[in-house]
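*Asks:* Summarising the annotation, TrEMBL assigns transmembrane segment to 45-71, 80-106, 112-140, 160-184, 220-240, 261-280, 286-308. The annotation domain 'G-protein coupled receptors family 1 profile' is assigned in TrEMBL to 61-313.
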Amino acid sequence: MTICYVLECIHCRSFLCPITGQMENSTQVVSFVLAMYGNIGHLKYLYFTLALLFYLSVIFANTVLIVIIYLDRNLHEPMYLFLCSLFVNEIYGSTSLLPCLMVQILSETHEISAISCFLQIFNIHTYVAVEFGTLTIMAYDRYVCICKPLHYNAILTKQIVQKVILVIWIVSFIEVGVLLSFTIRIKRCRAVINKVFCAHHLVVELSCSSDRTVSLIHDLVFGLVFTVAGPVCYISFTYVRILSVCLKASKETKMKAFETCTPHLVSLISFVFACFYSLVTQRFDLLSVPYPLCVVLSMYVVIIQPLLNPIMYGLKLSKIRHYETEILWG
């Protein structure tokens, strides 16, 4: 039996065979360097504090609304159950990046293990998939509520809502898991990622091969068509139908539609912008964008979005706002 000893360098492992005395031709990258952090010096303590405050704010804001929806039986309606799933996903998405970000800010090497990197990619991509899936079903909920109010309770029962939420999460995890299984098997010859977190496309770019088939399939078929284009097209269709109904409806119906649809539209536009910006910056060098702004925008999807949604829905929806007022003022 041939016994090989493992020699470890900073970012890769090579195998030395004692029989031949030669290095085996099977270099394997076991860690990556996140190069976008640069040399931040003593400012790292400021950035760490800001990241910690953002993370605690995200957890607090989303948890408060989840507890409110759970405690108030008047909020056990389809729209608020979907919102509850959305708020859970915001905590999940923020947790996929911010704890690691805080560790890397204080790190001297900004090195991340391959396993942690792939786990981060999996978490971020499932967060995006669940977010788009939830926003899509929420658009359908608003469509049925406004365009078919008499059939609303029959179409969207509590059992159906729970099953839909479960399906969105399961399908998202399976989809990203299958795609990532192909990426993990790719042989990588480089270890530097020019970003503050692990991004699927940039990890694929570290491949020893020039073949980018897996990356193209992920970006075009699953990333663009199924995760983004499909939901956005369907949501656009539902809002066209809602608008056509509102033009002929009473003032009360218009006000109800405006109250419930505005935060959803703002959330959707914000999220699409964040995903589009991330998609562009991973493929093109935007030298005109200032470095600090580039870093913040690259993390927009998992920092600003998770804080934006609970603030908007908490302030805009009258039922949630009423419960918050009761808690604060007794």
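Keep in mind that glycine also has a Cβ here, set from the backbone N, Cα and C atoms.
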*Asks:* Sequence-remote contacts (6 or more beyond its ends) of the transmembrane segment (261-280), Cβ cut-off under 8 Å?
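*Replies:* Result: 128, 131-132, 135, 138-139, 142, 199, 219, 223, 228, 232, 235, 239, 242, 286, 297-298, 300-301, 304-305, 308-309, 312-313, 316-317.
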*Asks:* Report yes or no: does the transmembrane segment (160-184) come within contact of the transmembrane segment (80-106), defined as 3 or more CB pairs under 8 Å with a sequence separation of 6 or more?
*Replies:* yes
*Asks:* Would you kindly list the residues that approach the transmembrane segment (80-106) from elsewhere in its chain, counting only those six or more residues past its ends and only Cβ-Cβ distances under 8 Å?
*Replies:* 34, 37, 40, 44, 47-48, 51-52, 54-55, 58-59, 62-63, 65-66, 69-70, 112, 116, 120, 123-124, 126-128, 130-131, 134-135, 137-138, 141, 158, 161-162, 165, 168-169, 196-197, 299, 301-303, 305-307, 309-310, 313, 319-320
*Asks:* Determine which residues of the chain contact the transmembrane segment (112-140) at the Cβ level, with the cut-off under 8 Å and only residues 6 or more beyond its ends counted.
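*Replies:* Here the qualifying positions are 29-34, 79, 82-83, 85-86, 89, 92-93, 95-97, 100, 104, 164-165, 168-169, 171-173, 175-177, 179-180, 183-184, 193, 197-200, 203, 227-228, 231, 234-235, 238-239, 264, 267-268, 271, 275, 301-302, 305.
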*Asks:* Mean pLDDT for the domain 'G-protein coupled receptors family 1 profile' (61-313), rounded to an integer?
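*Replies:* Summing pLDDT over the domain 'G-protein coupled receptors family 1 profile' (61-313) and dividing by its length gives 86.
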